[in-house]
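Everything below concerns the one structure shown next.
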Amino acid sequence: MNKDSIYGLTLERLTEWLEGHGHKKFRAAQVWDWLYRKRVTEFSEMIDVNPECLKLLAEHYVIQTSDEHLKQESADGTIKFLFKLKDGNLIETVLMRHKYGLSVCVTTQVGCNIGCSFCASGLLPKSRDLSAGEIVEQIMKVQQHLDLAKLNENVSHIVVMGIGEPFDNFKNLVDFLQIVKDQKGLALGARHITVSTSGLADKIIEFADLDLQVNLAISLHAPNNELRTRIMKINRAIPLEKLMASIDYYLAKTNRRVTLEYILIKDMNDQREHALGLTALIGDRRELAKVNLIPYNPVDEHSQYKRSEHESVMAFYDTLKKQNINCTIRLEHGTDIDAACGQLRSKQIKATVG
Ligand code: SF4
């Protein structure tokens, strides 16, 4: 039998499942504690749980479904993990060290169908969605790596910005968020979690309605439809008018701010006219929208795209600031390893294919 990952169950569903199989409600809390607080990797290690219950769990579920295939560590402490899933697919997960804590960037799909023209991940089309358990397991594996180092460190933040479009795997994403936020488990604060989307407007509305309190980031990357369609083909199906309307819905419904991600590509979208266009697009949303500027990380496969010069990045930033736009420049992590999202995975796949 192909067993599911137990990490894919919310506490509520685990409780229902165990009760449905004749076990008392408190067993679920016990198992949950072993999974997320004591972080065991085998059911047999849950020594105070009734053996009948453990037998039942082991018959239907597994704790570990993936293996660490490769790990790259940067001088700044960033670690890029490449995990091999049970079907042989490879996925990337990244641990980053910040002044405010440790964040993990998770992958939600094997490959991606959005096809952003600058992205290493988008070169490999989506072959499948990750299950909620496979997304949770990425956090658990990174946390177990930290546990082994015995430095008393915990993952404190999550960014859902790895390979894939999270809103194209909506149900599993929502289950994942509920599992990692659960106060009896990893208890990650909703405000420490950020989900990034390429701008699937209908899903932004659905996400707003769920009011999960997590942060939302939108990959904008261009101030007008003509340029955005060149960079992100999704813009043809969901143009800026529709995207901005969904953002307005989100802002009104959740009363939360959004981050607008803007990758700066040399001579493509990094000129003053683009900064002014972005200002106009943001318009009266200034109070609720923050722009995050990201100097482009070049990848071999897209040699036509170059990183913006430092002066252009600063000039773009200054133009936005002068227009009273809330704006930051993203600090880089792991520049001495395969820093761009999907780069390590695509290199490994190429090396394997030959
Ligand atoms: S940037 Fe994100 S959404 Fe776009 S192709 Fe890459 S992984 Fe997919």
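A Cβ is built for glycine as well, from the same backbone N, Cα and C atoms used for every other residue.
The S-adenosyl-L-methionine site recorded in TrEMBL comprises GLY164, GLU165, SER219, LEU220, HIS221, ASN297 together with one of SER131, SER196, SER246, namely SER196. GLU165 (S-adenosyl-L-methionine binding site) sits 11 Å from CYS116 ([4Fe-4S] cluster binding site), taking the Cα positions as reference. Neighbour count (other Cβ atoms within 10 Å of the Cβ, all protein chains): 24 for SER219 (S-adenosyl-L-methionine binding site). Closest to GLU92 (active site, proton acceptor) in space, going by CA atoms and restricting to the binding-site residues CYS119, GLY164, SER219, LEU220, is GLY164. In the three-state DSSP scheme, HIS221 (S-adenosyl-L-methionine binding site) falls into the coil class. Relative to CYS119 ([4Fe-4S] cluster binding site), the binding-site residues with Cα atoms inside 10 Å are ASN297, the candidates having been GLY164, SER196, SER219, HIS221, ASN297.
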